[in-house]
Amino acid sequence: MERRDSRQATSDYPHPFIHKLKLTRAQRIRGMVLGTILFPIRIFLVALCFLLMWPIARLRLAGLSEEERSRPVVAGWRWWLLHSIIRFLSRAAFFFLGFWVQVKGRRAGCKEAPVLAVAPHSSFLDMLVLPETQLATVVSRSENQKIPVIGALLAFNQSVMVNRKNPESRKQAIAQIIERLTSNGYWPQMLMFPEGTTTNGTILIKFKRGAFLAGVPVQPVLLHYPNKLDTVRWTHKGTTWIETLWHTCSQLYTNVTIEYLPVYTPSQEEKDDPNLYADNVQKLMAKTLGIPATDHVMEGRVPTRMLGGLSLPLEPPARETLSLLHKDGLRKSEVEAALTQMIDRCQSEQGWRAVVDELVPLMGLTDRQTAAKICGLYSKDDKVDLRQIYLSVAAVSSFMDFKSLLHIAFTLYDREGSGSLTAVDVSDLMGALVGSPQYHTEELYSELSRRGAPTEQELFRVLTTHPTYQKLISEYLTSEGAESTTPSTPLINGKVGNNNEGLPNDNRSALLYKTADNSSALSQKKDD
């Protein structure tokens with residue numbers, strides 16, 4: 001990726017997790033002709049390299065006890081012979097794929113910089129950096145051990161394996177990483193992609209803490225792909241991995257530059273705060289690349305941006321829900337009626353949880369598949385919290401002003417009816433407003449608690465006057481096509497704007513005040 005003006009960096013795509021290769025007719029024809037010839041030849045040669053590596057990789061740990069395998073294999077014939085062969089075959093594999101690698105700068109030694117932080121992370125093809133770093137050890141998902149050849153190569157690499165779904169496995173992986181990075185050269189250098197996922201390279205997304213937890217010096221490494229066609233990228237949406245492989249193999253060659261930056265030695269403050277350390281390295285690398293450093297992250301499989309500890313989905317479930325409702329034939333007035341029915345349901349003995357089959361009549365849908373899709377946007381199973389659908393959809397619709405919406409939300413989540421919220425209540429309420437679970441609301445709760453218990457008035461004040469949380473309202477909780485209040489503009493009477501002026505009085509009453517009139521009943525309801 002070539003350096004570019006940061007003002008142009010985000011103009012091509014709505015967010016950094018989308019990349020679609022755009023080709024002219026001439027480029028498509030050229031790609032088809034060259035691909036027909038080059039693709040099968042290159043894939044055959046690469047497959048041959050991997051098949052040769054498979055038994056050699058197995059040999060490295062063969063005959064060793066569990067105790068011996070837990071120590072680095074960096075001496076003897078297993079190192080100087082097998083390591084050299086694997087590195088040669090790895091370089092050959094990427095050469096056969098058409099990569100021409102240029103190296104800039106000097107790679108620091110293991111004692112000087114135990115960690116190599118590589119960015120931007122474009123696709124699985126970024127692994128071409130490994131042969132150029134003496135096959136530095138990596139962190140990988142435990143599921144990859146079951147993949148033929150790949151599992152053998154991970155064992156050869158003595159990689160740190162982690163099951164992301166298992167909290168205990170994550171803790172053990174962190175402890176293992178810290179142990180290796182603080183071994184003073186006993187373990188080989190580690191290579192990490194601190195972004196934690198692939199992007200389109202227009203920005204540098206927020207770095208994860210893993211590479212910075214040990215507080216040891218880090219060497220930033222930049223990956224550039226200075227080519228006319230950006231074929232190597234594979235992101236959350238857009239070009240598929242097979243298209244990425246096809247288009248890359250269809251080029252006569254693909255240039256890549258690996259640039260080693262000077263070692264970054266953390267200050268004591270950075271050692272004590274891995275998040276600060278990660279953010280400062282991210283900004284340094286982004287500045288060198290000439291692109292913005294942002295707070296975008298990938299939460300699971302959901303692209304998000306961070307705002308004061310809140311995770312805001314870049315593809316809000318509420319907007320997708322509205323789109324699905326409109327596709328199912330619901331008009332604006334019918335969407336309002338569906339929201340009113342959700343409030344009725346929350347006040348009833350049935351409670352605020354519903355299954356897919358209950359969503360169909362509740363939302364006035366004609367297609368059960370639409371209900372299943374909406375349920376899938378908010379839940380991992382077939383049950384959904386109606387409060388999340390109601391509040392998130394209402395937040396991005398033009399049905400009510402923010403103060404009225406917040407009153408309804410506060411009433412729904414003030415479980416004890418005490419007029420104040422607990423830390424869990426605040427987390428659940430904010431998760432419902434944005435349509436995505438929130439796990440890091442400590443910063444917001446601390447701000448709410450400065451003057452005492454977090455009341456409705458205090459929540460409204462913080463969200464409408466605090467410089468950070470104003471952005472939540474002005475940039476995120478706005479209806480499509482509505483003018484959003486900029487963060488620097490004061491909010492009039494604490495409101496973003498009343499969008500209900502054009503609605504009939506009966507509709508406004510149903511949506512704005514029905515919950516307020518029955519708040520005592522709602523506050524006594526418990527989440528089943």
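Each Cβ is built from the backbone N, Cα and C atoms, and glycine gets one as well.
Annotated in TrEMBL:
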- 32-57: transmembrane segment (TRANSMEM)
- 115-226: domain 'Phospholipid/glycerol acyltransferase' (DOMAIN)
- 480-507: region 'Disordered' (REGION)
- 481-507: compositional bias 'Polar residues' (COMPBIAS)
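If you look at the transmembrane segment (32-57), the same-chain residues 6 or more away from its ends with a CB under 8 A from one of its CBs are 82, 85-86, 89-90, 92-93, 96-98, 148-149, 152-153, 155-156, 246-247, 249-252. Each residue of the domain 'Phospholipid/glycerol acyltransferase' (115-226) gets a DSSP state, and the totals for helix, strand and coil are 40 helix, 23 strand, 49 coil. As a whole-number mean, the pLDDT of the domain 'Phospholipid/glycerol acyltransferase' (115-226) in this prediction is 93.
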